[in-house]
Each structure stands twice: as C-alpha cells, then as structure tokens.
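Residues or ranges marked as compositional bias 'Low complexity' in TrEMBL: 19-29. Annotated region 'Disordered' per TrEMBL: 1-36, in sequence order. Annotation source TrEMBL lists transmembrane segment at 44-63, 75-96, 108-127, 142-159, 166-187, 193-211, 218-239, 245-270, 291-311.
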Amino acid sequence: MTHATPGIETSPVGDGEEAQAAAAAPATARGKSSAPAPFTGTSILLRWLLIGGCSLAAFWPSVVRTVDDLRGGDFLGYILVMPFLAAVAAIGIARRRAGELPIHDRQIDSLVGGMALLVSVAVQWLLLPRYAEQFSVLRIDLLSWLLFVVGAAVLLFGLRPVGRFWPVWLMLLLIAPLPYRMVVVMLGGQSQHVSVVLTAFAAAATGIAVGRTRRRGIVGAVATIAVGVAVLAFIWFVFPDVPRLVVQFVPAGVAAVTVGIGMYLQYGYYFTDRRAAYSVAPQRPTAVRTGLVRSGLVVVAVAFVLSLIPLPDPPATVVADGPSTPGTGLVVPSGWTQEDVEDFDWANRFFGRRATLVRQTIVADEGNPDWDSKARPRRVVIDTLDTHRPATLTVYPTDTLYRLRDARRSPTVPVDLGHGVQGEFSTIVDEEALLTWSLLSFTWTRDDISQRVNLVTVDDHRPDAIFPRPTPSMASDVTNTFNVLIRGNAVTVDDNSEYKDRDMLAVVGTQLVDAQWKADEA
C-alpha cells in the first residue's frame, strides 16, 4: 500500500532492485518500461534554454566586459573554456546514473533554490560596490552568475538531480579568477603557463567525467595532463608564431576530448555486451512537474532585478597619445640629475610578455624652499611600466605595483601635465612603515606600447630616505580583500589627506612630459 506525503513527489520508476530487474528483462519489455515520455526531453531542453536566456540577459554587461578585457590582452579567457569543461564532466556523471531515490520535495527545492537566487542578488548588489577598485582582479560578478544558475536549476529541476552533479559545481566554484591569476603569475604569467593551468582544469573535468571508480578518475586526470603538455610542446616548438589564444586553449581542449573519448571506448572494450556498456541509465520521468510556471516566473523576475544592477565603472584614467619610439626609461628633464637606474625582471609575469619596469631616481640640481623648509634638493623616483597588453593596467591598478598591507590612500586629484596628458595625484599613508608618500601617475600610448609612469616622493627629505619599492603584491592584494570584506572600504581610504608635494609633483610631471616630446622631435 502506497502512502503519499504532502509536498513530496515520487517517481513511478521503482527502486534500485526493480530498475536492475527491468534492465534484465527482454529488450521489448525494457523499451516499453524505460522509454521516457516524449515531453521529457523537450521539457528539459526548454528549462535549460530558460536558464541560459535569463542568465545572459542578467549578466550581459559581464560578457561585454570580459570580451573587452580579452581584446586588451587579459588572461581571463579561461572563462570561455569552463562551460565546455563543465559539460564534459556533466556528461560523464549523467551516463552513470544509478541508485537515485525517486523522492523530490518541492518545498526544499523552493527553499534552496530561492536562497541561492537571493545570495546571487546580494553578491551583485552589496559586494560589487565594495570591491569596485578590485573588480577586474576578483570578478565577483562571475560568482553571482554561478549562484544564479545553480538556484535556477534547483527551482526548475529539483535539488536531488542538481545535487547529483555536485563535483561540477564545486569545480566551477573553486576555479575563481583570483586563485587562477595567482597560479598563472607564480608559474611565470606567459601564454604557455596559462595553457598549463587550463590543462590542469581539463584534467579535473576529465577525472570527474570518467571517474566510475577512483582509479579511473586518477588515470583520466593524469592522462589528460600528459596529453595536454605534449600538445603544448608540439605547438610551442613546431608552430611558435601561432596566436596566443591557440597556445592557451587548444592543448586543454584536445586533451579533454581525446582522453574522454579514449576512456569511454576503453570501458566498452572489456564488455561482451557493448550495447549495455555504452548505454545510458534509463531516463526517469522529469522529477519536477508541479509549480514549473511559478518557478519559471521567479527565475525571470530575479534575472530582471540582476539586469538592473550595474557593474562598477572602468577606471576613469585618461590615456593620452604620447610620443613615439619609447626607450628604456624616460628622458630626465633639465634641472634634474639621474642618480640611479634599476630594472625589475618580474613585470612580465603580471603584465605580459615583453613587459618592462624601470625605476629612475632623480635629484634636483638646486634646493627649493617651497619644496623643503631647509632648501634641500628633493629626490623623486620614476617607475616606468611598459606593456603590450593594456587590459592588465586595469587588472592591476597603480598602487598594486607596491606591497601595501596596512596602507590608506587618499581620493585621487586630477593634475594637468600638458600635451593632453592628465595625471592622477594621491597620497598614501603606510602604517607599517610609518611613512607618508605622494604618488603622481599618468598613462599614455607610445606606438603599440601602453606606458604607465609613476612619480613618487616621501615625506622624509633626507638623502637616505626610504622609498616604496615595486614588489609583486598578490599576497597583499588578498589580505586587503579580506580586510575590505570584514571592515569595509574605510580601512583603505584616507579622508583627511594633506596632499603633500602636490605642487612639486605637478611641476616635475609637466617637465617630464615636455621632455619626452622634445626628445621625440629632436
């Protein structure tokens, strides 16, 4: 005797033993009992089309921003590969359905799905404004997108069917932009290193797809890494001039497809009944059949709300047209003497191949009582960054060149430097070093190179004063991220700045810009 429980749907398909008995029945009987209703496949397709359409409508600005960053040379292209790798892993899980209880509680589905959608809206509405300056590094909007897809899937398919694919959801959650960038930078920051990281992602997806047993999963992951590295080496040595995207994406894609298909065929090779080996577990009738219209309307409504939440505006930095043929460092303006030059070899890990970072220390030929009460000659350091990937300048803002753990920065003040160049002036209070330093930054394009120039002074005017050094700062970026999350933006903002050395740096910056144009015309 069967008892119905309110709010819980039971599938007409029996439990695991009955399913095995049905599989052992003659082919004609099995076809009658396990064939899905004609509406099942269409219903599933329509639900996924609804989720896909709503997610694109809600997060279309994120798509546009990602494409713009890719055109500028950003490494975030792995996002385009992740749906493919997720599909590979999901197909493998779907082919080994078994032992699933035919119980579906719509109340739990609505609760979990609704909470995921609410968290998606909260992330987009509350966290994005807080991390406006770190938007390109963190890309929190992608986390909101993933939560929206999970919540919509739970509402439209049920918690149990969606939960069966938990390895796929976990993989997508862990492969976030910030840890991805950290790994790429630690490896070297070049296209081949991006390819290695993507191959590791492909190995995870393939291991999930072929992992009927733990051993098969490990073998699949290791084989994917081996094939991916082999394809990368072949492309790198035989076709060294192929486009950057080919180097990054092709090895991972080829490895995932080759190993996945190979292990799929290998699994059936050891079976006498090949049809049974390659068959998919019987399709159960769609779990969720009630309240679909209501759930669909909820998904559409949440997508509409998300579409109204704007992304943080791109940095308002004015990029001017500079003189052509940049050399190593900048021409020192008259009235100043170059005291020291230093090259930093780590810039290409963050800003792409052939990126350079040069520090020039200049000292005034004569003291100026307006700049120092004792009329001591002032020192200024000039950090010049050259890159062929302008999008990286957005990913890593001006002050990320320096390791700042306990620092507060003032709001920027625009400074006109002539020749159409506009600088941004700010002061930074370094609590750890007990030092206040002033920063004037401007960006211009010189031929095919994007050049960022930072002029730095400190409030210690002695000859042996310590200046902040350009240092890889991904670790401090992570620390600042957690500080902002816990304590808010006020922990990084100095609202009572005195804007020291603003007049001095405005004069030096104007002279520096003018000297580059004169050197180009000479």
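Think of each number as a place in line: the chain as shown, counted from 1.
Note: Cβ is positioned from N, Cα and C throughout, glycine not excepted.
Of the candidate ranges 44-63, 75-96, 108-127, 218-239, 245-270, 75-96 contributes the most Cβ pairs within a distance under 8 Å of the transmembrane segment (166-187). Listed by sequence, the residues of this chain that lie at least six past the ends of the transmembrane segment (75-96) yet keep a Cβ under 8 A from its Cβ atoms are 66, 69, 139, 142, 164-165, 167-168, 171-172, 175, 177, 180-181, 184, 189, 194, 197-198, 201-202, 204-206, 208-212, 245, 248-249, 252-253, 256-257, 260, 280-281. Highest Cβ pair count under 8 Å relative to the transmembrane segment (291-311), across stretches 44-63, 142-159, 193-211, 218-239: 44-63.
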